[in-house]
Amino acid sequence: MNRLQANLCLICVTMCWSTEVIIFACIPDSVLPFATNFICNAIASVILAACFFKRIGNELRRSKKKLILRCLVLGALNCTYNTLYLYGLNYFDVSSGAFTFSMTVVVLPVVLFTLRKKVKVKTWVSVALVLLGIVSALGENVANINPMGLFLMFMGCLVRAVFIVKLNDFAREHDSVTLSTFISIFVSVFSFIIWFALQPSTFSAIPWSGTIIASLFIYAYFIVAFAQTLNIFAQRRATATEATIIYALEIVFSLIWGAVLPETLIERTIPTAFQIIGALLIVAGSVIEIVDFKGKRRLVNGAENR
């Protein structure tokens, strides 16, 4: 697999993640996000462990201590940025918050510089276009952004950028399925701790129904077990900057779903002219980053088939 193929896999992952809003629409607001995170990651880890137990066992025998420690760090980072996003989004409306979420693209080059990693010129061009797209999509709401909300979202993007960089590094050294399994385990553990602290009644507080159970299982398999594992596999061959810029396409897919899907699945929303322009700029930035205009097809150093 070359980089272009890996980037196409990342686009597939981003498309999967963009359907979260459709699945979450089937889960009542009374169910805390930490509960959903715990249940879905726990189910995903069981699915992966059951299907790939021999493969996971082989990887554990190869690098058990290092692997578990790294997954612990990634799980903690994952829960941290999701918690910051959760509270930061309370200060924004849905559309503004969604575009603000894409600020990771702007933060990542700073993180790479801090870690003394090279950033290509075309990456800066892509980042500039995506940033311009975010500002354009926010439109007149830019002047009304709450400072505390912006700070929380910025910190969330900063932590997420570190998560992406470290995941990209670790994905080159460890088996993708094993990494995904243990990340899910630690995310579920941390999420349960927060859930229990906020809602000690835990499972009894969920208004169980067939729709909720089906939604949780679909999310666990489709968003966590499948998309997360494919994401890690693709990151063995793509760079952290390519992954982050492609992730910004999630808001573009979300706008498309909101405009074309029937109201039985999602609340229909018609994107504004500013949002359409912003989405096009984000797409342009992604194309510049992922397409090798020189026609070179090469593997990323350290990427092996696992």
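Just so you know, the numbers here start at 1 and follow the chain as drawn.
From the backbone N, Cα and C atoms, a Cβ is placed for every residue, glycine too.
What TrEMBL annotates here:
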DOMAIN    7-135  domain 'EamA'
TRANSMEM  34-55  transmembrane segment
TRANSMEM  67-88  transmembrane segment
TRANSMEM  94-114  transmembrane segment
TRANSMEM  121-139  transmembrane segment
TRANSMEM  145-165  transmembrane segment
DOMAIN    148-288  domain 'EamA'
TRANSMEM  177-198  transmembrane segment
TRANSMEM  210-233  transmembrane segment
TRANSMEM  245-266  transmembrane segment
TRANSMEM  272-291  transmembrane segment
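Against the transmembrane segment (272-291), stretch 121-139 has more CB pairs under 8 A than any other of 121-139, 145-165, 177-198, 210-233, 245-266.
By the Cβ criterion (under 8 Å, sequence separation of 6 or more), the transmembrane segment (121-139) is not in contact with the transmembrane segment (34-55), since fewer than 3 such pairs are found. Nonlocal intrachain contacts for the transmembrane segment (145-165), taken as residues 6+ away from its ends with a CB within less than 8 angstroms of a stretch CB, comprise 74, 77-78, 80-82, 84-85, 87-92, 96-97, 100-101, 103-104, 106-108, 110-112, 115, 117, 138, 240, 243-244, 247. Below 8 angstroms of C-beta separation, residues 9-10, 12-13, 16-17, 19-20, 23-24, 26-28, 31, 36, 39-44, 47-48, 167, 171, 176-177, 179-180, 183-184, 243 of the same chain, each at least six residues beyond the ends of the transmembrane segment (210-233), sit close to that stretch. Non-local neighbours of the transmembrane segment (67-88) in the same chain are 33, 37, 59-60, 97, 100-101, 149-153, 155-157, 159-160, 162-163, 166-167, 170, 174, 178-179, 182-183, 185-187, 189-191, 194; each lies 6+ residues outside the stretch with a CB under 8 Å from one of its CB atoms. Note on the domain 'EamA' (148-288): DSSP counts are 112 helix, 0 strand, 29 coil. Secondary structure counts, DSSP: the domain 'EamA' (7-135) has 110 helix, 0 strand, 19 coil.
Confidence across the domain 'EamA' (7-135), taken as the mean pLDDT and rounded to a whole number, stands at 86.
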